[in-house]
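Working notes for the structure below.
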């Protein structure tokens, strides 16, 4: 094989790896109305249903069980598996109306992320990690094969 052919094969392999979605279900941290991002919210992991394709995190500041003016306020964290549509709808609703971070008012914010356990942090913005270990292994093997095929002078 010529060196440009090897380069084309490597580029194609990298592209294919970036497009791979593995069958294993998404894993998200899950908890409900915890008083912080500790213990249960950092230790409970769920394999999501096949139709659930994002992890959602909600943080609220207010009183429980219902927000009420003048009551003792604190943070409440909830994490779950969701569909992208559910998460975006909730995020849009919260961010436009309720995500104020004003300490004397009740507020709520929602974050969506895609990738196994990406919702570790409360509002994470964590990047997606979709099988990059497998792709790196494949790329390393192809580079090794390419160096073996290129004639040495």
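Just so it is clear, glycine is given a Cβ too, placed from its N, Cα and C backbone atoms.
Among the features that Swiss-Prot reports, disulfide bond is placed at 28-55 (among others). Of all Cβ atoms in the shown protein chains, 26 besides its own fall within 10 Å of the Cβ of residue 28 (disulfide bond). Reduced to three states, the DSSP call for residue 28 (disulfide bond) is strand.
According to Swiss-Prot, the feature disulfide bond maps to 31-41 (among others), an assignment based on a curator's inference.
Under the heading disulfide bond, Swiss-Prot lists 48-81 (among others). DSSP assigns residue 48 (disulfide bond) to coil in the three-state reduction, outside any helix or strand. The Cβ neighbour count for residue 48 (disulfide bond), using a 10 Å radius and every protein chain shown, is 19.
If you look up Swiss-Prot, you'll see 87-112 (among others) marked as disulfide bond, on the strength of a curator's inference. The Cβ of residue 112 (disulfide bond) has 21 other Cβ atoms within 10 Å, all protein chains considered.
Cβ-based neighbour count (10 Å, all protein chains) for residue 109 (disulfide bond) stands at 19. The disulfide bond annotation in Swiss-Prot covers 99-109 (among others) and rests on a curator's inference.
Classification of residue 118 (disulfide bond) by DSSP places it in coil, neither helical nor stranded. Counting every protein chain shown, 23 other Cβ atoms lie within 10 Å of the Cβ of residue 118 (disulfide bond). Per Swiss-Prot, disulfide bond is recorded for 113-118 (among others).
According to Swiss-Prot, the feature GPI-anchor amidated serine maps to 124.
Per Swiss-Prot, the feature signal peptide maps to 1-25; the stated evidence is sequence analysis.
Per Swiss-Prot, topological domain 'Extracellular' is recorded for 26-130.
What Swiss-Prot lists as transmembrane segment is 131-151.
According to its DSSP assignment, residue 99 (disulfide bond) is coil. Among the disulfide-bonded residues listed here, namely 31, 81, 99, 81 has its C-alpha nearest to that of residue 55 (disulfide bond).
Annotated pair residue 112 (disulfide bond) and residue 118 (disulfide bond), C-alpha to C-alpha distance, rounded: 9 Å.
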